[in-house]
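Trainee: There's a structure below that I have some questions on.
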Amino acid sequence: MSSYDVVIIGGGPGGYNAAIRAGQLGLKVACIEGRETLGGTCLNVGCMPSKALLHASELYEAAVSGELASLGIEMQPTLNLPQMMKQKDASVSALTKGIEFLFRKHKVEWIKGWGRLNGQGRVSVSHADGSSSELQAKDIVIATGSEPTPLAGVSLDNRRILDSTGALALAEVPKHLVVIGAGVIGLELGSVWRRLGSEVTVVEYLDRICPGLDTETAKTLQRTLSKQGMAFKLGTKVMGASATAQGVELSLEPAAGGAVEQLQADYVLVAIGRRPYTEGLGLENVGITPDKRGMLDNQQHRSAVPGIWVIGDVTSGPMLAHKAEDEAIACIERIAGHAAEVNYGAIPSVIYTKPEVATVGLTEEQLKADGRAYKVGKFPFTANSRAKINHEAEGFVKVLADERTDQILGVHIIGPSAGELIGEYCVALEFSASAEDIALICHPHPTRSEALRQAAMSVHGWAMQA
Ligand code: FAD
Ligand code: NAD
């Protein structure tokens, strides 16, 4: 039986970052991953392939919509979907091999196979050739991630009725794609296929898109996506969907009750959330019981069982790759006996639509619910010279600061490169900066980042450029 300081189950952003950090700290570490490649959901079927298609489809739309022609670039573009998928797959493959390289560099042993807890300090692994092996470890980290939440009455076949993995690998552009769920996956992948020529209808149970997102920002996003041609059916529930070789027939009903309506699509994407993945993990062998939603509880990454730790999508908190990475670092530092903490109040989140949406900290709704007195500073990208010159002036930066102390409490951006811009405010939140701090910092001209400064000035009513 091989023996380790740490054995990590799962090779996604939680698991692979934990493994690398453990290797850096001189711990003897193995990472068990059942997939053929490392990188988990994020690299294989999540963040990275979706961003590859978002990038390519954005350029395609700029070419076919006349946007490039308006800049004086004329061409007759045609879509080569197999090539678009091929370049996505090639990038994904390069990234997953990159993790293998990092494992070698940091002396992490990759154990290929499916891990199963086999008592405290013991994990058995089933390998693809049918053999199995047994590992021993002082500490075990569960980083087994998540899987798509199924919808009752709608059976996924990944031919006509797809989850996100199916929607990242379609061989043709749907004529009519129905997306169930107006969350991050639905809006990102819905945008990809709409840009490539699909009619896209998004069916959402609630009466708004992106629950949890600052309401003003969510409304602006919905308005912009509607202008781009995405249709929304809010407050609507899907009662069932039946697939044929040609397409799918859906039955819908108002969430509040009412007449049933039929909707035809040639493909359906189910994107109603993800749930923790713990199948076959042997939790019962160590006495860990998931909560109602299948989540594994943790206290500073420790499970209820000494020596077993949990990080990433399989436990509470936002299901984001960078949250899993943060937890990975803190968990391994703690295993190594160091002090470490994750600041859950400063985890950003980004929706990679056009325009992008990026947020960090509290929303106005949360501040109101907490009864906290706050000030709002807002600056529109129409008044930002760089955004204007690039014809991408939709959206705004909104800064929420404590009325008394001026401490920045939340920032919500919808606009060009919002995902890159939010980093500045993540630093601001971590350093407990005030709006005045940002307002007094020199920002380069002409950049979109000037809108960040102007919004901070606006908290005190002296935005100079709007
Ligand atoms: P995972 O990445 O799910 O990795 C878990 C790994 O464990 C998997 O590879 C699995 O095969 C393996 N595993 C499970 N059980 C076992 C076992 N018993 N033995 C061995 N191996 C096992 N997040 C962002 O921050 N930004 C984005 O832009 C973004 N885009 C996304 C787009 C899509 C379409 C999807 C689906 C997700 C996206 N996410 C994004 C979410 C992100 O992918 C996850 O939050 C992240 O991958 C979670 O990391 P993790 O390590 O906890 O789990
Ligand atoms: P989500 O939680 O973002 O959105 C799900 C949506 O489906 C919600 O609006 C919800 O109200 C709706 N819904 C739930 N049940 C429904 C039903 N029966 N009928 C109609 N609508 C229903 O989930 P997602 O879009 O599936 O994404 C899953 C996770 O992946 C997210 O938690 C997100 O953190 C992560 N992700 C992140 C990114 C990113 O960071 N850019 C991209 C993709 C995915």
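A Cβ is built for glycine as well, from the same backbone N, Cα and C atoms used for every other residue.
TrEMBL labels come from automatic prediction, so no person has curated them.
Since the structure is predicted, the reported quantities are computational estimates derived from the model, not experimental observations.
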Trainee: Can you tell which of Gly113, Gly115, Gly273, Gly280 TrEMBL lists as binding NAD(+) with Gly181, Ala182, Gly183, Val184, Ile185, Gly186, Leu187, Glu188, Glu204?
Mentor: Gly273
Trainee: Show which residues of the chain containing Glu204 (NAD(+) binding site), separated from it by at least 6 in sequence, have their CB under 8 Å from its CB.
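Mentor: Counting only residues 6 or more apart in sequence, the Cβ neighbours of Glu204 (NAD(+) binding site) under 8 Å are Gly181, Ala182, Gly186, Phe232, Lys233, Leu234, Gly235, Thr236.
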Trainee: Considering only the recorded positions Cys47, Gly183, Ile185, Leu187, Glu204, which possess a Cβ situated under 6 angstroms from at least one atom of ligand 1?
Mentor: Cys47, Ile185
Trainee: Would you count the other C-beta atoms found within 10 angstroms of the C-beta of Thr144 (FAD binding site) for me?
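Mentor: Neighbour count, Cβ to Cβ under the 10 Å cut-off: 31.
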Trainee: Return the residues near Ala321 (FAD binding site), defined as same-chain residues 6+ apart in sequence whose C-beta is under 8 angstroms from its C-beta, sorted by sequence, else 'none'.
Mentor: Gly12, Pro13, Cys42, Gly46, Cys47
Trainee: By Cβ count within 10 Å, point out the most packed of the recorded positions listed: Lys51, His445.
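Mentor: Output for this query is Lys51.
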Trainee: I want to verify one value. Collapsing DSSP to three states, which class is Met319 (FAD binding site)?
Mentor: coil
Trainee: For ligand 2, pick out the recorded positions Lys51, Thr144, Ser146, Gly181, Gly183, His445 that have a CB under 6 angstroms away from one of its atoms.
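Mentor: Close enough to ligand 2 are Gly181, Gly183.
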